[in-house]
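Asker: What TrEMBL shows for this protein is this:
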DISULFID  152-194  disulfide bond
DOMAIN    27-252  domain 'Lipid-binding serum glycoprotein N-terminal'
DOMAIN    267-471  domain 'Lipid-binding serum glycoprotein C-terminal'
SIGNAL    1-19  signal peptide
């Protein structure tokens, strides 16, 4: 959005008592609001400057006048303050705004047989302009955030007008009335500034909220749900939001049969924004991936270093040489591995460490003439991957640090030695699985922010069941 950073930032984050533990929680502090209002006033200045003001017509005693072609030439930024109102939203007030307005005039003076008419231009300087507006923040029936401008008020401290051209003594007959007219046009609940503010919040602000991703598709099969669980609530120094933070199967969005664990408690407000991301988000995705048969794959020679799944080879690094029974029983062909998870992969976040535990079967087939496959071996495998996490470009990225894998023979039509199992783990499974996991981690996990808001000075804390992101913000509108 190119309108008001305050609205953009507010639209991202907003707490209330929950009957359901969230998968994601956010906090925005007063530091972020202070920054947001500064950017908001810069944007408001650009919008007000050049604004056309409707023509005015009037009469003061014996003088009729017409004021036309008015536009705002200058907007002086005021001092600004935002405060949080419990159960409502925000109150935004300013003091010391200044406006410079240029326009044209013409008048007719008639008294008895004396008739005078003339035209010229004028410059008006309005100073000591103060405005106050409340912003109600809530949510609609679909879990999207909403905002609404309430009770805008604006008053103009003083107005000084200078005319160019015409007879000065006649100006004195209507200048006071004209100053009051222009003060009323700028100030008041229906004046220029309040109209601009109401539009920014009710129109442009709501457009910004529509850009907030409350659902995100992942790999075209999964749906990440960031919708609000409840209306916002507000504290003195910050406001928070609670989001569902669950990943569904896109075609059948049904809740997982387990709840999110409690999130880490923190009272820190030194950064602009905080995001608590539960391991529940990952675990609901892996639950649906298992349920809808996404955790299975046929591994062939195209997935591994050249020839490693050959049953006959001149070198000593193919499966038929290492496990001689395979080479003897199925010569001059290749092996296919059918890998599938037998239980839901589970992420555990605790004490600075992130671990993904998984278990599955590896089923071996030898390719036969005509494209048929002959089964000969099943291994049970367990994996406990330690991963590192990082935040970049408003996404969570992951990389495998350690990948211990152990296998046991579950069923076999051929003899398999310990050396053969070790080759399968190190030369085949690890070589395939680790790059695949890193490929997934490099894709990044999206966080609920609008494109124009970026993280800076970001810190990631890994605690029990929780990734806590503490960051400052930069608006790039």
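Including glycine, each Cβ sits where the backbone N, Cα and C put it.
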Asker: Sort out the sequence-distant neighbours of residue 194 (disulfide bond) for me: same chain, 6+ apart, CB within less than 8 Å of its CB, listed by position.
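Answerer: Those within reach of residue 194 (disulfide bond), by Cβ under 8 Å and sequence separation of 6 or more, are 131, 133, 152, 153, 154, 188.
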Asker: Give, as a single whole number between 0 and 100, the mean pLDDT over the domain 'Lipid-binding serum glycoprotein N-terminal' (27-252).
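Answerer: The predicted confidence over the domain 'Lipid-binding serum glycoprotein N-terminal' (27-252), as a mean pLDDT, is 86.
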Asker: Using a 10 Å radius around its CB, how many other CB atoms surround residue 152 (disulfide bond)?
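Answerer: Summing over all protein chains shown, residue 152 (disulfide bond) has 21 other Cβ atoms within 10 Å.
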